[in-house]
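Chemist: Below, the features straight out of TrEMBL:
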DOMAIN    A:128-416  domain 'NADH:quinone oxidoreductase/Mrp antiporter transmembrane'
TRANSMEM  A:34-52  transmembrane segment
TRANSMEM  A:77-95  transmembrane segment
TRANSMEM  A:107-124  transmembrane segment
TRANSMEM  A:130-150  transmembrane segment
TRANSMEM  A:162-184  transmembrane segment
TRANSMEM  A:204-228  transmembrane segment
TRANSMEM  A:240-262  transmembrane segment
TRANSMEM  A:274-294  transmembrane segment
TRANSMEM  A:301-322  transmembrane segment
TRANSMEM  A:334-356  transmembrane segment
TRANSMEM  A:368-386  transmembrane segment
TRANSMEM  A:443-464  transmembrane segment
Amino acid sequence: MTNLLLFPILIPILTASVLLFFPKRIAAQRAVTVVGLVASIIAALFLLRTVMTDGVQAVTLGSWPAPFGISMVSDPLSVSLVLTSLLITLGVVVYSFRSIGEGREKYFYYPAILFMLTGINGSFTTGDIFNLFVFFEVLLLASYLLIVLGGEKRQLRESIKYILVNVVSSAFFVTTVAMLYSVVGSLNMADIAEKVTEIGQSGILTVIAVMLILVFGLKGAIFPLYFWLPGSYAAPPVPVLALFGALLTKVGVYAIIRTVTLLFPHDPGFTHELLMILAILTVIAGCIGALAYYDLKQIVIYNIIIAVGVILFGVAQMNMAGLEGAVFYLIHDMLIKAGLFMLIGVIIAITGTSNLREMGGLMKTYPGLAWTWLVAAFGLAGIPPLSGFFGKLLIVQGAFEADNLWGGIIILASSLIVLLSVIRIFIHAFWGEPMPVKGTSAGIYRGLLIPAVLVTALTVFYGVGTEWLRPLMWDAAEILHQPSIYIDAVLKE
Amino acid sequence: MEFHMIILVGILVTVAVYLLLSRNMIRIILGTAVLSHAVHLLLITMGGAGEGGVPLLRESDGPYADALPQALILTAIVISFATTAFLLVLAYRTYEESGSDNMNTIRRIDRE
């Protein structure tokens, strides 16, 4: 079935369209959403099996020959990102039942999530750079709705900022696509890659490459462009924050990975060096932020920025170890960030505050939550055998192989700061004298904790099952390392 | 033709940046609208404006004009239309909540 790779995009958009007809019937909304997500996950699993056995899948819409029609491409990297996004969204949707509140559920919360998922899966799958812009806009418009839904004053203030930043960055994106089209004369990413190899990466193409890094860096929150992120992500309620933190920045990171490995890999002395410096600065800026705050949300949000830096540092090495580590770490980070945000949601639901100074002693009353947090925190910091370890090991190995000794050491040192920042939450929230808390009913506590535990268990499985996942990650990194496999798969028809 | 278009794009971007940097929310939104127009003009210019005949087989013998940038602009216009509409509604709602369209006042809502 050649159209299989379209199903993880089509099923969410169809489900969302159906949901628009009966917004006030919450039970039906929930049921249809879960059914749609499960169906998408099954489709994505089939797709994963097909990609693993038959290699890269490509389909060109309308049966036009490849460089003329819009290509959709599923390689091991994109299909594993699609599957991870779907799993996380299912977890967050189940988590939302007990936390998002009826008001939001009645006003198109679930359709917005599914439309955003359409955009995310589309961005991961598309093989056409203008189509990438369109899917970016799909996910952005849905995210505008999610960030402002509820209409609290703080949300309104942050939404304006978020939307303006993204509108300007979209304008930059279109400008860059226009320039790329005038130089190369194609929009198909495989075709562009081939043409850039033929004509050589001249100065103007390097300028375009840097502009693309800036456009995607604005969405992926790399060093000088992350200023909007901590405020905007903290405004919406926790389930939305979990989705944004786990998925949205990673779309930007994925697009940067494609830019520097597929489209413009020919001038590593400039573009990859630049990316590496920006990545290290991103890690340092994130570390400073993660230690500076006493606010649960802010600490974990700054950890997103650190992770973006670590992944891009791995990509900038451009050797197999670095790229494989980056792919490993990318998927690890999506899962673990979703888990961490869901867990701080539980803490906030119990204590009624996100300020670390106003909580303590939860260990005695909520031991299950405490131990899950500890496992997730160790996973984030990369303590073996949990999920963060292997990706970081490979990234550091890649850095040493590429003679970037200091970069590797900074990445290693950042793990300690990451560990410190999340253990600080553990110490303040779970140890010490019990503070009077708002408390929450046992039903809500279970309803929130169970999805959070499941996502955390998934990360543990991801870490322990590294050996089992290795072939998939190896294939993904090999295609990034040798783009000709990707190009041949798209242009062969 | 292309040279003049590029100059025009530059002027439009200048206007857009000036508007985006102002404090009044409606001016900022107009700035994003002007910026998107500038970008669309750039897109059509980059495809080679004013060159070639109608891209229909029996209407002219070629060379044909490139039809692709026009399709791209159509898509981009629809997207920026939707975004601008959303921003205008958001601005109105924010004005209702805060009683101001001045970004300096809005920046402080919920922080006092």
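Note that Cβ sites are derived from N, Cα and C of the backbone, with glycine treated the same way.
Could you tell me the structural context for the features on the list?
Modeler: Outside the transmembrane segment (A:107-124) by six or more residues, the chain places 8-9, 12-13, 15-17, 19-20, 23, 29-30, 32-33, 36-37, 40, 78, 81-82, 85-86, 89, 92-93, 96, 100, 131-132, 134-143, 145-146, 149, 243, 247-248, 251, 254-255 with a CB less than 8 A from a CB of the stretch.
Outside the transmembrane segment (A:130-150), and at least 6 residues removed from its termini, the chain residues within Cβ reach (under 8 Å) are 70, 103-104, 107-109, 112-113, 115-116, 118-120, 122-123, 156, 158-159, 162-163, 166, 170, 173-174, 177, 187, 189, 219, 232, 235-237, 240, 243-244, 248, 251, 255.
Within the chain carrying the transmembrane segment (A:162-184), a Cβ under 8 angstroms from the stretch's Cβ atoms is held by residues 129-130, 133, 136-137, 140, 143-144, 147, 192, 195-196, 199, 204-205, 207-208, 211-212, 214-215, 218-219, 228, 232, all 6 or more beyond its ends.
When Cβ-Cβ distances below 8 Å are used as the criterion, the transmembrane segment (A:368-386) is approached by residues 303, 332, 336, 339-340, 343, 346-347, 350, 362, 392-393, 415-416, 418-419, 422-423, 425-426, 429-430, 449, 452-453, 456, 459-460, 463-464, 466 of the same chain, each at least six residues removed from its ends.
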Chemist: Tell me if the transmembrane segment (A:204-228) touches the transmembrane segment (A:274-294). I count contact as 3 or more CB pairs below 8 A, with pairs 6 or more residues apart.
Modeler: yes
Chemist: Can you tell me which parts of the same chain pack against the transmembrane segment (A:443-464), counting only residues 6+ beyond its ends and a CB-CB cutoff under 8 A?
Modeler: 87-88, 91-92, 94-95, 97-99, 331-332, 335-336, 338-339, 342-343, 345-346, 349-350, 366, 368-369, 372, 375-376, 379, 384-390
Chemist: Do any residues of this chain, six or more beyond the ends of the transmembrane segment (A:77-95), have a C-beta under 8 angstroms from a C-beta of it, and if so which?
Modeler: 5, 8, 30, 33-34, 37-38, 40-41, 44-45, 47-48, 51, 110, 113, 117, 120-121, 124-125, 239, 242-243, 246-247, 250, 254, 257, 327, 330-331, 334-335, 338, 342, 345, 447-448, 450-452, 454-455, 458, 472-473, 476, 479-480
Chemist: Can you work out which residues elsewhere in the same chain, 6+ from the ends of the transmembrane segment (A:34-52), have a Cβ less than 8 Å from its Cβ atoms?
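Modeler: Result: 4-5, 7-8, 11-12, 14-16, 74-76, 79-80, 82-83, 86-87, 89-90, 93-94, 114, 117, 121, 471-472, 475.
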